[in-house]
Structure formats: structure tokens, C-alpha cells
Amino acid sequence: MMTLISILALSAVGAVFGGLLGWASKTLKVAGDPRVDELEGMLPGGQCGQCGEPGCRQAAEAMVAGKLGPDCCPPGGRSLAQSISSMLGVALSGDGEDVMVVAHIDESQCSGCTRCFKACPFDAIVGANRQMHTVIRHVCTGCRLCEKACPQGCLSMQPVAPELHTWQWPKPRVA
Amino acid sequence: MLGLRKKPFSGGIHPRGHKELTENTAIVSSEEPRRVCLSLQQRNGVVLRSHVNVGDTIVKGQLVASGPNDMCVPLHAPINGVVEAIQPHVSAHPSGLKTNTLMIKGNGDPTWGIPHVPCDTSKLTPEEIIQRVLDAGIVGLGGAGFPSGLKLRFARQKGVKTLLLNGGECEPYLTCDDRLMREKAAEIAEGAALMVRAIGCEQAIIAIEDNKPDSISTMQSAVADRPNLSVQIVPSLYPMGSERHLIKAVTGHTVPPGQLSTEIGILVHNVATAQAVFEAVRYQRPLIRRVMTISGGALEQPTNLIVAMGTLVSDLIARCGGLKMEAARLVAGGPMMGQVLPSPFVPIDKSIGGILALSADEIRAEQSHDCVRCGRCVNACPMGLMPFQMAAHSRVSDLDGARHFGLDNCLLCGACSYVCPSRIPLVQYFQHARSSLNASRTMERKSAHARQLTEARQARLMREAEAKKAAKAARSKTRKRPARTPRKKADSTDSTPTSN
Amino acid sequence: MVQFTPVAGPHTHGGTSTTHLMFLVIAALVPATVFGLYLFGINAVIVLLACVSSAVLFEYIGLKLLGKSTHSALDGSAILTGWLLALSLPPSTPWWIAVSGVFFAIVIGKTVFGGLGQNPFNPAMLGRVMLLICFPVELTDWRLPNPPQQGADGLLLGEQWLSTNAIDGVSAATPLSQLTGALPSLSELTTGHHAGSLGETSALLILLGGLFLIWRGIIHWRIPATLLLSIAIPAAISHAIAPESFGSASAHVLSGGAMLAAFFIATDMVTSPTSPKGQILFGIGCGVLIWLIRTFGSYPEGVAFAVLIMNATTPVIDHYLKPAVFGQPNRFSL
């Protein structure tokens, strides 16, 4: 008898709480994830598409959904990946330092077609029609959009060489 | 050990001095170098503009390069000779990166190209003194390398009351300040008096560690007839040469973290800087040479030398008799805070106070082990930080965690690494964490900038589209009006594409 | 070969190594240990040897399994753990019980956390507590000391001194279990001529070892001083109020493991806080807990429990009680 009562009582408690949870999940549902907006604000907003998504908004959605890793945004670099991973609570895979690249125009080959600077979401390329173009190196984020746009093949991505004030101490190698 | 002796600040260590190698021999003037190399880029990345071209004949003391503002001091030719080349050359930076460098081939003539007659310094106004210091290209000779003239001007604006001259020289091996105080006490005193006048402060205190009795007595007699100058003895404890710790030891005041000493009315300069100020103001001589300790257990004849800027380290080692055994590391500066040299062909710059050729026995490099949390680093830290925690967080790239335990306040003095029984390279962890923190800050700034740019671009594109639309609308309007009269059909066909 | 690759300073070192520190601590333990062996005889020697050798063995195996350098099996830390555990055991403990305690201390207490420096709890005390719970009879079987006597023809070694059989000896109460009753005299407590753990009886010799460590800068006075004071102060107050139910301060401080804990166990580098304020708080916590457990708990001795409880607070203490940054007004940095 006691056994039966306990089983019944526990089942009843289970049913009540189960119902409560089910009700709560329906009525208290939040439309959309507020983190998407926040994340979108953190992204560079160049809509460069290097992450594989059509734009930064979609990338933010994919990251919140867990489809993309926090390090999917090359223009944002390591520091963006770190702040995204801490915001989403996702572990950042790998410890490698990323290699920064910037666009470089081989000026002897440039025909002045203006396609690269029209493609640049950051206005990091200056030039005019039929004039030689050049890259403002400290503005370029290395998003590679211009590389695809160039019909001459004279635009390449080059790694940024460290300078005295940007050189980083290596982490000590410890047994 | 039991805290019986009163220490002026908590923490600090007593490293083995090794000063006996050089402290009892007089400063030697080295002969004119055959070649000097002057880097045209400062450590902070600012590029200097050269005023000379390859092939130009230049004279000792001539201005050869200057920067875009007062933050970079001008460069002067340290020797008479010819500009041989302007090309990338390794600089005194642990990275070994090459910077654009002015190479001058000397002709061996030691005379100054421009006559430097002594002037009556008593007639100079404070601003004239400061300008002469700036023009002479003087930077802090203690190692920080900040333009001294700017420091003086800033201190004058802040109404600094006390000038502190740092004769601490707490780094092991280095004795150049000690020798300079013994041999040129009068010039240091005169330089100090000039700086007092430039700042408009009340007094200058020359602080000397108690392990330099000869310096103390010479300096004391040199300042005896100057009422606003005095000598104060401070206990020898590393890092006494740190500005904040010297101020605490001399005045008892502390500078709050994140603030400059001028906030509490004190300016600190090195004694060697005072001597350079004297030469610059009295003779208008630019800073083209400095006294430097060349020492280390691997060196044949450790010496204090007067060295022309831009002399190669290899030449200096050869001047000191060469190496008597294999050197494990060449170090610019003292063994505690000095930087390892990336090559023996590094040229000397203004902020290097010594060159050490250290043998393996002196470095005692050993395999590091796990931290046992013994807390010796916490006790040794003069800044009251927790080095082992900072290193543990830096190791896993948790920079915020490292900052929580004091990364931003760290002096990189190395006291923690010196005492660590597990031989953990604490300082390198901090250097690494600092530089990656810097890099990520730069990156953040850059991506914020990029965001602004895309927004601006989008706004511009929209404006352009609107303008185009408006222009087209206006054009169709102007066309419409004359079209009102005869050809109505043609007009309507024209206007259709505009709607697209 | 000159090294030109970037390596940060300092380009010199004070020369202290972990091994050096560990062996100094062991050296400081030697007087109290030798005295304990002299008092309690052959079985005490067996317990000590079993503990130390098995500690090194377990540490070596553990490091092998972890895939780490086996350097730290011989750096003295394992020896020290085994040694401290031996000193805290009754001298009549069978060797196999001691070895199982060492196994728990080294493998469960240290290796599974990642080896030296990673363990949150004092391994020796973990082993001690495990044994106390698993072998309550053997771990509370105290013997009267039976030191060799000066006889007519050399030293006379008593039968009990030579015995390795636990049943032979005369059981006795430790001073702790009769804190309020018939205590050994103060001089007996100080020199250690009373029943108790292998190496805990002589307060004087432990104090000597501890002062040696403080003098050599291996440990700081903060933890020992605050620990002993915070046992003594509540004991003195309660004893003054009701002497019939509370033990006196001297009895509390000099008996049981208080001295050993103050100088050698609570000061274990790995499991104690590193900041000055944290060390003081840690010492106070240990002391008060020892007194509370001894007075109100069901076990007569509370050192192991108190130290383990405070070990658990160490990470929190280290996180919040940082030393004051130079130049900042001295305050709690919460």
C-alpha cells in the first residue's frame, strides 16, 4: 500500500512539474535571441562573406546557433574571436596566433578599373577611374573581397611584417 | 631575513652585485669607432627623417636626422666621416628586427666639427635651458629613453617641487653611474642645478645606494656649497632604481598606481642625464656618447667606456679584450631588466647603460618545473603583485585574469624570476601577455574604425544613390518641360527607364 | 653558443631550487623524527621507511602514468609527504596501513590533480584522515614511549622497543584525550616523553626545526604564529572560565599535532595562501578550527580536519586577499 501511495504521489508531482515546465516553455518563450543583435554589433560589419554566410547578421545568427565557431571572422582577428567566445561561453579552438594579412596592389599592373575599391567595404582602397589604386594599409582588415574583384590579378594579400612596436614576445616554451 | 633591517618598501631582493669587476677602474675613453650605425626608427615605432644622403661628408655633432615632433629626439653624428649607406640593419631590440639605419664610416678624426665654446649658463632662461636639452637630443640615460627636455618642460608646467637624481644603480654589474659620480661629480652637480632652474623647483636630492661609499663622499663634497642640492643615502635593495621605489625610499611618499610622480611634485632623472644636461647647456654639445659598463664573466677586461652612439657591440667587446670564454648571452643593460641582444652587430643607442657578455655559469639557465606556489615571488615583488598567478593566467592566455593579479602594474623588474625555485620564466610570460594585450587593443581599435568606415560608406552609397535619383528626376523634369509642346510620344518612352 | 633568440630577463638567478627547499624542510624535521624513533622503537623506524620509500615509488609511477617528467619523484616533495604522514601516525601502526595511507596521499591526493603544485589538499593530511576513517582502531592505538635505558653494559633496549608486533605494547591515553584530566607535566609535554604520534610528541624539537625554516626564509612566521595564537587564545579564555571542562592553552598548543601542523603542515606551500593577509587568515582559521574540533568534536584531535578545511578555502583567499599594490592605500581588494 505504502509503495503504491509513494509511486502515485511521485508520479503526480512529476506530472505537475512537467506540465508547469511545458507551459512555461511555451508562454515565456523569447522571440529571437537578443545575443544576435549584440553579436552583430561586435562584428566589423563589412559583409565580406569570408565566414561563408551572406552577411554579418547571418553570421551572428549562425554563431549563436552554434553552427559557426567564434573564430570564423578573419577581419575581426584573434581579439574579436576571444570576445565572442567569452560572450557566448564557447571554447576557442586552438591557441595559434593568426597571421594578419593586408591587401597589396602591384601598382605596375593596375589598370585603374576601380573594381577593387568598389568592392572594399571599408574604403581602404583609394584611386579613381584609370588611375592607379593603392591600399591604405592601416585601414585594411584583410577581408579578401578586393582580391576576388581584381580582374588583373595584381592584387594580393600579404602578411603584415611585425615592427618594433607591434612585435610580440613569444610565449615561453616550458616542459 | 627576519625583517630586522627596516626596508623602505616591501619586497625587493639582494642579487649578487658583481660590481667589483669594473667599479675600481677609471672610465676609459674609447678611440673613435671605424663605423657607426644610427637607427632611424625609435623603439616606439616612430620613424626619423634623415637630413643627409648617401655619400655626404658629415662632421661630429652635426644634426643628421629628426622626428616629426618633440617626442622623438634628434640624432647627431657621433663621428666625423662619410655616410656610407642607409639600409636596414639589426637594432637593439630582442626581436632582431631590422630597421632603416644610417651607416657612417669614420675617418678617425676625434675633433668636433662644430666648435663648442662654454657659455655663461647663469644668463639662460628656463625655457632656453629646456630648448638646449631638447636640441641636444638627450633622453633618460637610465634606460627608459624618454626625452629629458620634455620631462623638464612637463615638470615645470606641473609645478614640481623636488628633483630627484637617481644614483641608485641597483642592477648588478653596472657601475657606470657610480664611476661617473666619482669622476664627474662637479658636472653632475652643475647639471642638477641647471635642471632645478629649468623646472623652477626648490631642491634637488641626489639619491645614492649605500654600497657606493666613494660616490657618496665625492658627491657630498661637490654639493657642499650649493644650498639647494643634497645627497641622500638609500639602502641597497633591488629595484631601488625604479622611480616609484626611489621616491618612497627618499621621501616616504608613494605614487599611486597609474599616476606619474609629477602628481606628487617630484621628478626623477638619472645622474648620467644630469651630466649630459650640463654638457648640452654649457657647451651646446649634443648627446653623441655616453659612459657605459662593458662587463660580464665571459669578457677579458671588463671596463667602463665612453662610447660613441652607434658603435657596434662587437667593436666594444673587441675593445675590452674580447671574450675569454664562450658567452651564453649578450645582454644590453643589466642582468635583471636588460634585453638579450639579437646579434653581436647591434649598434649602441642612447638608452643602453651597459653591455654584458654573460657566461652560462652566471645565467644559470635551467629547465623550469611546475609552480609549487611557494609564494617567494609574492614576497619578492616590489609592487605587491602575485606573479605566479599572473603567469598561470598568462600561460592559458587569460589576459583578464592576469590583469586581475596586477599585470598592468608590473615593472618587469624580474625579482620574481630571480627567486623562483621552479625557474619559471615569469617575466617572459608577462612580456608575452603585455604584448598580446597591446596587439588585441590595436585590433579592437582597428575593427571599431572599420565598423565606422563601413557605416560611413553605406551612408555615402545611400547619399550617392539618392543624389543620382534626384539628378535623374531633375533631368527628366527639365526634359519634360520643353517636351510639353510638340513631341509627346518620344518623351513618354524616354521617361520609362528613369522609373527603374 | 651564444643565444640570440628572444629570451626575457633576468639573465641571472638566485640559485634556489624546489629540491633545495624540500630537503631543507626534511632537514628541519630530522631532530623531531630521530627523537620519535628513539622513543618508540623499531616499529617506528619501519613505519617511517615504509612511508618514505612507498611515497617515492607511488610518485614515480603516477608521473609515468601522467606522462610527465619523473624529475619531481626525486625532488624531495614525495619524500616530504611520506615523511610527514609517518610523523603523524601512531608509532605502532602496521607498515601496510601506513603504505595504504601513502597510496591515498600521493595518488588520490596529488597525482590525480596533476601532480606537484596542483593538489588542493595537503596530501599527508588526506592520507591521515583516510586512515583514521578506515582504520580507527589502529590509528588511535597509542603507546607509552619506551626509550632505551642506560644499563650497566650499554644501552638496554626494551622488549617493546624492539617489537614489530602491535599487540605487544602497553596502550595509553594521549594527552589530548584527557585534556581536562591528568595531563603529563609541562616539561614532559615540551620534551615529548608521552604517548602520541611518531613525530609529534616533542614540541621543543619541532619548534627548533620550525625556527630553522623561518630563519632560512623557507616559511614565513605568519601561519605558525597566528595558528598557535588562535589555538591558545580561545583555549586560555575558556580554561579561565571553566577549567574543569576546557583544556589549558599550554596543553592545547604543546600536545597532539598542533606544533607539527603550525610549522610543517599548514605551511605547506602548495596548499596554503601566498599573500601576507591570506596567510594570516589561513593561520587563524586553522587554529580556531583545531580548537573547536578538539573541544566540541567527536575526535580528540582535529589538526588534519582543520588543515584540510582551510586548504579548501585557499583558492578563494588567494583570489580576494591580494597584497596591496605598491602605492595604493592598504585596503582589502574585493
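Using the three backbone atoms N, Cα and C, a Cβ is placed for every residue, glycine included.
Just so you know, TrEMBL annotations are computer predictions that nobody has curated.
Pulled from TrEMBL:
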- B:361-391: domain '4Fe-4S ferredoxin-type' (DOMAIN)
- B:C371, B:C374, B:C377, B:C420: [4Fe-4S] cluster 1 binding site (BINDING)
- B:C381, B:C410, B:C413, B:C416: [4Fe-4S] cluster 2 binding site (BINDING)
- B:401-430: domain '4Fe-4S ferredoxin-type' (DOMAIN)
- B:463-500: region 'Disordered' (REGION)
- B:470-487: compositional bias 'Basic residues' (COMPBIAS)
Non-site residues, in chain order, whose CB comes within 8 A of the mean position of the CB atoms of B:C381, B:C410, B:C413, B:C416 at [4Fe-4S] cluster 2: B:G11, B:C377, B:A380, B:P382, B:M383, B:L385, B:P387, B:L411, B:L412, B:G414, B:A415, B:L426, B:V427, B:F430
Residues close to [4Fe-4S] cluster 1 site centre defined by B:C371, B:C374, B:C377, B:C420, Cβ within 8 Å: B:V372, B:R373, B:G375, B:R376, B:P387, B:F388, B:C416, B:V419, B:P421, B:S422, B:I424, B:L426
Confidence summary (mean pLDDT) of the domain '4Fe-4S ferredoxin-type' (B:361-391): 89
From binding-site residues B:C381, B:C410, B:C413, B:C416, the one whose Cα lies nearest B:C371 ([4Fe-4S] cluster 1 binding site): B:C416
Cross-chain proximity of binding-site residues to C (CB under 8 Å), evaluated over B:C371, B:C374, B:C410, B:C416: B:C371, B:C374
Residue with minimal Cβ packing [other Cβ atoms within 10 Å] among the binding-site residues B:C374, B:C381, B:C420: B:C374
B:C371 ([4Fe-4S] cluster 1 binding site): tally of other CB atoms within 10 A of its CB: 24
Binding-site residues listed as B:C377, B:C410, B:C416, least Cβ neighbours within 10 Å: B:C410
CB contacts for B:C413 ([4Fe-4S] cluster 2 binding site) [other CB atoms within 10 A, all chains]: 27
Neighbours of B:C374 ([4Fe-4S] cluster 1 binding site) among the binding-site residues B:C381, B:C410, B:C413, B:C416 (Cα to Cα, within 10 Å): none
Of the binding-site residues listed as B:C381, B:C410, B:C413, the one whose CA lies nearest the CA of B:C420 ([4Fe-4S] cluster 1 binding site): B:C381
Reduced DSSP assignment, B:C413 ([4Fe-4S] cluster 2 binding site): coil
B:C377 ([4Fe-4S] cluster 1 binding site) versus B:C416 ([4Fe-4S] cluster 2 binding site) - Cα distance in angstrom: 4
Separation of alpha carbons, B:C377 ([4Fe-4S] cluster 1 binding site) and B:C410 ([4Fe-4S] cluster 2 binding site) (Å): 12
DSSP helix/strand/coil residue counts for the domain '4Fe-4S ferredoxin-type' (B:361-391): 13 helix, 0 strand, 18 coil
Cα separation, B:C413 ([4Fe-4S] cluster 2 binding site) to B:C377 ([4Fe-4S] cluster 1 binding site) (Å, whole number): 12
